[in-house]
Amino acid sequence: MDLILKYFTNLTEDQISKFQQLEALYQDWNLKINVVSRKDIDELYLRHVLHSLGIAKVVEFKDGSKILDVGTGGGFPGIPLAILYPNCSFHLVDSIAKKLKVVDEVVEGLGLTNVKTTHSRVEEINDTFDFIVSRAVAIMPTFTHWVKGKIAKEQKNDLKNGILYLKGGDLTEELQDYKTATIYNLSDFYSEEFYETKKVVHLPLKYRG
Ligand SMILES: C[S@@+](CC[C@H](N)C(=O)[O-])C[C@H]1O[C@@H](n2cnc3c(N)ncnc32)[C@H](O)[C@@H]1O
């Protein structure tokens, strides 16, 4: 938890309390339904919470922004971002029901009112968003295909509407056809070794009305 306070210094009491509660909620629910590996649960804040919040180091979502988290699994990056941005709305989607059960329990346990969850493949979601966030779900060509038509027309944030994807390693090949993509190194923001190779990829996408 100290890690979160180290990198996010303006949190309210309510946000601090919610981030603190994550540990017990995930420990409890992960015993019943395994969505996070045992090793990772011991390092929940380093590997999941702080990683998810890496997106907030790249763009500060304006109030009223709508964000879709594709393949949220146990709620990452959606839940930490929803705590950080209580005035933005988050739609967390996953095609596996038991994972969303954990997400729903965590959302209820925290009393988060800005999170909606849907059990479906993302292709079935019929809505538009300022940003589509994700981690560890699909390679970029597949992902862009899935989310086509889900980007809002009006830009209200400093970054253009589009995808914000948490990725690792060498992305040269995967992103060679995406000339408009910008890669942000999380090691520029976080000093922990875990972040040496971690990145946020921003890919602006056009509204297709
Ligand atoms: C490796 S997990 C990553 C979970 C989470 N994003 C994280 O980083 O901890 C990938 C998740 O994507 C989901 N998924 C894969 N394809 C999907 C699709 N087309 N629509 C919705 N969810 C999908 C899977 O069910 C799985 O929960």
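Cβ from N, Cα, C; glycine included.
According to TrEMBL, the protein has these features:
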type: BINDING; residues: G71, F76, V122, E123, R135; note: S-adenosyl-L-methionine binding site
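Projection of TrEMBL feature records onto the structure.
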| residue | record | DSSP (3 states) |
| --- | --- | --- |
| G71 | S-adenosyl-L-methionine binding site | coil |
| F76 | S-adenosyl-L-methionine binding site | coil |
| V122 | S-adenosyl-L-methionine binding site | helix |
| R135 | S-adenosyl-L-methionine binding site | strand |
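Over all protein chains present, the Cβ of G71 (S-adenosyl-L-methionine binding site) has 20 other Cβ atoms lying within 10 Å. The Cβ of F76 (S-adenosyl-L-methionine binding site) has 27 neighbouring Cβ atoms from other residues within 10 Å, across all protein chains displayed. Around the Cβ of V122 (S-adenosyl-L-methionine binding site), the number of neighbouring Cβ atoms within 10 Å comes to 23.
Counted over all residue pairs in G71, F76, V122, E123, R135, the record's binders of S-adenosyl-L-methionine, the longest Cα to Cα distance measures 19 angstrom. The number of other CB atoms found within 10 A of the CB of R135 (S-adenosyl-L-methionine binding site), across every protein chain shown, is 24. E123 (S-adenosyl-L-methionine binding site): 15 other CB atoms within 10 A of its CB, across all protein chains.
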